[in-house]
């Protein structure tokens with residue numbers, strides 16, 4: 001669906017985000033805002049590895065897009081004082097592609113694989129001995145005379161990032177020494193991120209203006225920085241460049257981002273469930289067909305925040321809009337919905 005490419009409040013990396021993300025990226029754990037428990041545990045692991053003079057144990061980062069998985073990987077490399085090699089699951093098509101990357105790593109280097117859940121099983125199998133034994137097994141020859149040759153690899157750290165933790169195979173998950181989930185940020189943390197970014201970009205913003213952006217950022221730093229940039233442009237053209245509360249609210253209203261950070265596509269998902277399917281429950285594939293979207297995109301991009309807000313429920317029968325969703329959209333909640341939910345509960349569904 002082409003709309004997703006232009007979606008302002010998507011956590012996915014857009015083409016014009018890369019340069020901005022790099023300029024705003026913190027360079028050490030102490031500058032990384034939010035995710036306190038993750039930071040504390042990761043900081044201990046980094047310090048311990050440095051004190052022992054070892055490579056950091058393999059790290060898996062998972063959670064919705066835009067929460068800082070790539071940023072954390074760069075911070076880990078900087079904190080460890082090592083090089084980082086960046087690639088992605090879809091970019092590694094064959095075993096030979098991964099073998100070429102692994103054999104070019106230097107001692108203690110970091111290999112960052114984004115979307116690691118998209119590695120094929122054949123390629124994934126190359127990682128098992130590489131992660132566990134720092135070795136690469138290659139087949140020499142063909143047919144009955146083929147034999148396995150083991151090449152030693154330098155000790156390195158694999159950092160995997162994924163939005164689909166459940167899609168990782170158990171053997172791959174088990175080989176990560178540290179597994180961290182990144183959660184949506186609370187409004188105070190997003191406020192601090194917007195404030196920091198505004199300072200770096202030289203943008204003048206009042207406290208209420210920062211709050212207006214933060215509350216619409218879906219708990220996602222990438223979205224917060226993107227909205228800040230759009231509001232900055234609006235304030236420059238329509239005002240004197242100062243982001244006030246009214247200026248931010250006016251700008252975001254023009255961009256069709258409501259007070260909770262929902263856009264027209266979020267509204268479309270919820271209204272489709274409510275109006276076309278009686279509020280649900282309805283299957284994911286059915287919703288996808290109704291709004292001309294891929295089921296995976298709905299599950300990865302739209303659902304996490306709607307679930308976080310309590311606007312959507314996943315039930316054994318499918319997706320269901322909650323009373324909160326009706327209230328937010330100013331749609332009367334049907335009286336018979338409570339009775340239906342009671343019957344489902346009695347039936348154990």
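From the backbone N, Cα and C atoms, a Cβ is placed for every residue, glycine too.
Per Swiss-Prot, the features are:
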REGION    1-185  region 'Large ATPase domain (RuvB-L)'
BINDING   24, 25, 66, 69, 70, 71, 132, 133, 134, 175, 185, 222  ATP binding site
BINDING   70  Mg(2+) binding site
REGION    186-256  region 'Small ATPAse domain (RuvB-S)'
REGION    259-349  region 'Head domain (RuvB-H)'
BINDING   314, 319  DNA binding site
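Shown here: features listed in Swiss-Prot, placed on the structure.
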residue : record           : Cβ contacts under 8 Å, 6 or more apart
24      : ATP binding site : 196, 197, 200, 201, 225
132     : ATP binding site : 175
134     : ATP binding site : 152, 153, 154, 155, 156
185     : ATP binding site : 33, 34, 35, 67, 193, 219, 220, 221
314     : DNA binding site : 303, 307
319     : DNA binding site : 273, 280, 281, 282, 283, 284, 287, 303, 312, 313
Pairwise CA distances across 24, 25, 66, 69, 70, 71, 132, 133, 134, 175, 185, 222 (listed as binding ATP) top out, in Å, at 37
With every protein chain in view, what's the tally of Cβ atoms within 10 Å of the Cβ of residue 66 (ATP binding site), excluding that atom itself? 27
Reduced DSSP state (H/G/I helix, E/B strand, rest coil) at residue 319 (DNA binding site) is strand
I'd like the number of other C-beta atoms within 10 A of the C-beta of residue 70 (ATP binding site), please. 20
Translate the DSSP assignment of residue 132 (ATP binding site) into the three-state scheme. helix
On the 0 to 100 pLDDT scale, where does the region 'Head domain (RuvB-H)' (259-349) sit on average? 84
Of the residues in the region 'Small ATPAse domain (RuvB-S)' (186-256), how many are helix, strand and coil by DSSP? 51 helix, 2 strand, 18 coil
Looking only at the region 'Head domain (RuvB-H)' (259-349), what are its DSSP counts of helix, strand and coil residues? 53 helix, 9 strand, 29 coil
